[in-house]
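*Asks:* My questions all concern the structure below.
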Amino acid sequence: MNGKLHSRLPSLVALAVLCSFTWPLCLADRTDPCQYFSNNTYIRDPDDCSKGLTCINFKSVTTTTCTGTKPFYDKDKNNCAASLSDHSLCDISCEDYVGRFVKDPKSCVGYYYCQAEDWPRHGLCPENTHFDFDKQECVWTSVSNCNMNEFDMCAVVKDSVNFNDPSSCEKYFSCKKGVLTSNTCKNAYYDALTGKCIQKSLVNCAAHPIPADACGTVKKPKANVFVSDGATCRGALYCAAIEGDVDTNPEWVQCPPNKFFSASAQACINPLEVPCAEDRCEGRNLTFVSSAKTGCRHYYRCENGVKVEELSCGNKFFDEEAGVCTSTIIAYPSCS
């Protein structure tokens, strides 16, 4: 970006009132923080300490605006306050800086123009730039010394509230005493909409976690081969050959509906030929499917391709092709 921020001053001041300047300085024009939080979560506006937001379907809605003697939104109590315990991210001092720009301590992209000692006006640098206090301008991120996140999650949400970690479907974050903590669901995936760990097949996962040593080790790598993704019956990981190393970022692929991945066959085949213990309803158009329990006497009831419940034929066997319990001995490879 060319030019000092000073040359933009008239537009920045107008923006503080109208939010109409062409730079992406409004929250609506940025990445919405509510994309990480479950429904009805209350958070502080990352760009305005006087506002409280409510997250609805991953979109932020301003529900509280604090003014007067209680100008700050308290994220812990969901109300307005005269001061905040974590004041460091909201206390902007314009003393000795009137007519200049000061850094927004909440992010690399934010800044305040000091209209007066008690009148800071907030703004954001354009995309791919950070604010540089020494230069009093926005500089390209490639030359910026700022390495903090776009905003500190724990500065906007209270402790113990779960929120999404987009890097892996089994992981999520929470804050403990204001410190970001990573958590992992046990044999489940994190549902960003409800903020809970639920059955894997109920989550539309775009980032299946890669199992440890999925492609082997450096001493004994698996190369040019497909392996199970360890999370679904249809998914597989392709381990590429890497000279002197092991593929730690294999490509995820998926079998077509009504087919399961077989590591031994290195192909997508009939589900009854694959002993997969994950949700066997996923990708199927049947109401009842055989479970992977040894003996072939158990089956699942499916709704919309998701396992709803497990049922038993008692002393009989489950015939998936007929969809009934039978006294005829059944010995599918999937449950033998």
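Using N, Cα and C of the backbone, Cβ positions are placed for all residues, glycine too.
Feature list, courtesy of TrEMBL:
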DOMAIN    31-90  domain 'Chitin-binding type-2'
DOMAIN    91-148  domain 'Chitin-binding type-2'
DOMAIN    151-207  domain 'Chitin-binding type-2'
DOMAIN    212-278  domain 'Chitin-binding type-2'
SIGNAL    1-28  signal peptide
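Surface or core, plus neighbours and distances: that's what I need for these features.
*Replies:* Restricting the average to the domain 'Chitin-binding type-2' (31-90) gives a pLDDT of 88.
Residue counts for the domain 'Chitin-binding type-2' (212-278) under DSSP, helix first, then strand, then coil, are 3 helix, 23 strand, 41 coil.
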*Asks:* Can you break down the domain 'Chitin-binding type-2' (151-207) into helix, strand and coil residue counts using DSSP?
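*Replies:* Computed counts for the domain 'Chitin-binding type-2' (151-207) are 6 helix, 20 strand, 31 coil.
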